[in-house]
Amino acid sequence: MAAGSHGGYRGYEVAREREHDVGVSRRSKEHYHHRHPSRHRDSERRRDGGRSGGRELSNGYSHRRDSPRPPPRRRPSEGRTEDREPGEVSGGSGSERSGERPMKTGEPRENGVTRVSKEEAKMSPSKKRKQSPVIWDRNGSKRQARDPVRGIREVDAVVAEIIMHQSHSLPVMSSLSSIGDGHSPMILDVSVDKVQEYEKNRIVDEEEEGYPTMRNILTSRWADAGDEEENVFVPKKKKSVSPVDSIERGSTKKVTSPESGEVLVYNSVRSSSRSSDSGVLQGSANRDLEVEKGDNIDVEEAADDDYPAGHLLDSDFEGEDCRSETPECTRSPRRCINMLQGCRSVDEFERLNTINEGTYGVVFRVRDKRTGEIVALKKVKMEKEREGFPLTSLREMNILLSFHHPSIVEVKEVVVGSNDRDIFMVMEYMEHDLKGVMETMKQPYSQSEVKCLMLQLLEGVKYLHDNWVLHRDLKTSNLLLNNRGELKICDFGLSRQYGSPLKPYTQLVVTLWYRAPELLLGAKDYSTAIDMWSLGCIMGELLSKGPLFNGKSEIDQLDKIFRTLGTPDENIWPGYSKLPGATVKFGKQTHNRLRDKFRAVSFTGGPMLSEAGFDLLNRLLTYDPEKRISAEDALNHEWFRELPLPRSKDFMPTFPALNEQDRRFKKHMKSPDPLEEQRMKEQGNNGDRGLFG
């Protein structure tokens, strides 16, 4: 090798076994390699001279050269060559057309380095081994993939090439620490000026190469669809390292070709950076961290699980020029409540009057002193809670603060009183509830008005079900109206998030008049179908101006349902006989009498409903939960497209808001509340204990 002619250069001696025959087995090669460990010194220091730096292996330690080296001098070669394995002698420019045959034991050596003759330097095209994979750079030139098992000898070859290109040099003694066991310090015959010039040329070459760009989580497939702003990509710089210093580098894994949007870090130690602006982890190239948007994930804990202690640092790279920054991206406005700012005091609101008092709390009409806006203030009942915050109110706050839909009442914030037991929810003010409006009306809603209200109600329920939430207490008193014709769903005290597969829940949900038959019969595995049954009851109540099934107990409620819709059986409702309450004997009713309540043409002034409208009502009140219509299918029903068309919100009837005195003396025919039923059963004050106790 050329390094031998400039005394003082001695490379590492690595035993490499050559395959002399194509048919020699791998075991024979390993046996021969074990018996002759001193043969075939490493004379391939000039192999792959024109390739860029890659990952190198020496004595079990991986070393990385962060930059390419200048191409070596091409030599004419003759003769035939054989197949090459990783680590074998190669000649020429290091391209796939060059190689060397195995060395013989009797060949001369200089300074411990075996020299290869020109006749032995060329390989036969027929026996040339195909090298893969092939990497194409930006200029269209083909480069061979880096060999991950090459040792530190490539670094020696870099210095050897510098010496080979100079005619006069200044001897420089570089005492380097040995890399691994069995290696001694190297004596380098290098010109200081040449090394500095080589580093400058290499930095220029690095700037001409294409580098992968950094990218944050906002541009990944997990980002919001509304975040369509143009993200700025900041290219990551490399730190130039001399060939001698690269020997002492720590290990790092080889980076494969990046996919679009993949974050690559070319640092010499395994580290990761955490952007303080976006809270997104940007790890090393062999890590693939994906943070799903919307999940409450502790970034610090996620990082500690994947990286050892001391490796999660803010921009933990070598030098300021190696620091990668995640640019700030403007996000679209979203539903977000900053709880860290603290809650406002209830004293910042002026009380006007009391709106309603129910099972879950008292509702006041107040004015915000800061903005002058009229809002509703709902006080959470805490006197019966001994173990902390009420679970029903906690669920309601959690759901309403995370939802934003025109058909769902908006919770603006949570405020506190003088002590920790006075908790209030600030909600948008709605003048009426649907039940109170219907009781003040002299005539029921027309079909066009019912269509307008049902469309808004179905859109809100569809939004809940699409977000895996069951309301479980839909009724006319939980539907709010304003004088602009808008309907909003409220009172999420019994709502629950559900998943797949379904989990068993309590059957004591939904106010009795709007409770689905599977709940009345004791089913604990239920889904969105229970809300759709409630919508059917509400639709019938809107058309008739009265409750559809006004039972006084669970048995009475089932009896009224069966008398109207017919008694179910296994043919109508598969699985009916397996329900706990199916053992109770009810009167046999074979016909569906629902049509008798809603005539297509009425001469007596009763509620009218077209054939399409009756079909929708009948599908909402289907016994089998699996066959009951969904909110999405109900929105696409033909009843909403036939005449008369749904009335516009602006033309819906308006009513004056009731004052506190009118509400106090107003007697509502209220249906039993599910929570009151449970309390009465626990206290043993309910004479009719229903089907289950």
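Using the three backbone atoms N, Cα and C, a Cβ is placed for every residue, glycine included.
If you look up Swiss-Prot, you'll see Asp473 marked as active site, proton acceptor.
The annotation ATP binding site is assigned in Swiss-Prot to Ile355, Asn356, Glu357, Gly358, Thr359, Tyr360, Gly361, Val362, Val363, Lys378 on the grounds of sequence analysis. Under the three-state DSSP scheme, Ile355 (ATP binding site) falls in the strand class.
Per Swiss-Prot, compositional bias 'Gly residues' is recorded for 1-10.
Annotated compositional bias 'Low complexity' per Swiss-Prot: 268-284, in sequence order.
According to Swiss-Prot, the feature compositional bias 'Acidic residues' maps to 297-307.
Taken from Swiss-Prot, the feature domain 'Protein kinase' covers 349-640, and the record attributes it to sequence analysis.
According to Swiss-Prot, the feature phosphothreonine maps to Thr359 (among others).
The phosphotyrosine annotation in Swiss-Prot covers Tyr360 and rests on similarity to another entry.
For Ser500, the entry in Swiss-Prot reads phosphoserine, with the evidence type similarity to another entry.
If you look up Swiss-Prot, you'll see Thr506 (among others) marked as phosphothreonine.
Counting every protein chain shown, the number of other Cβ atoms lying within 10 Å of the Cβ of Ile355 (ATP binding site) is 21.
Asp473 (active site, proton acceptor) falls outside any helix or strand according to DSSP and counts as coil. Spacing of Val363 (ATP binding site) relative to Asp473 (active site, proton acceptor) is 18 Å (Cα to Cα, whole number).
Look at the recorded positions Val363, Asp473 and count other Cβ atoms within 10 Å of each Cβ; Val363 has the fewest. Separation of the C-alpha atoms of Asp473 (active site, proton acceptor) and Ile355 (ATP binding site): 20 Å, rounded to the nearest whole number. According to its DSSP assignment, Val363 (ATP binding site) is in a strand.
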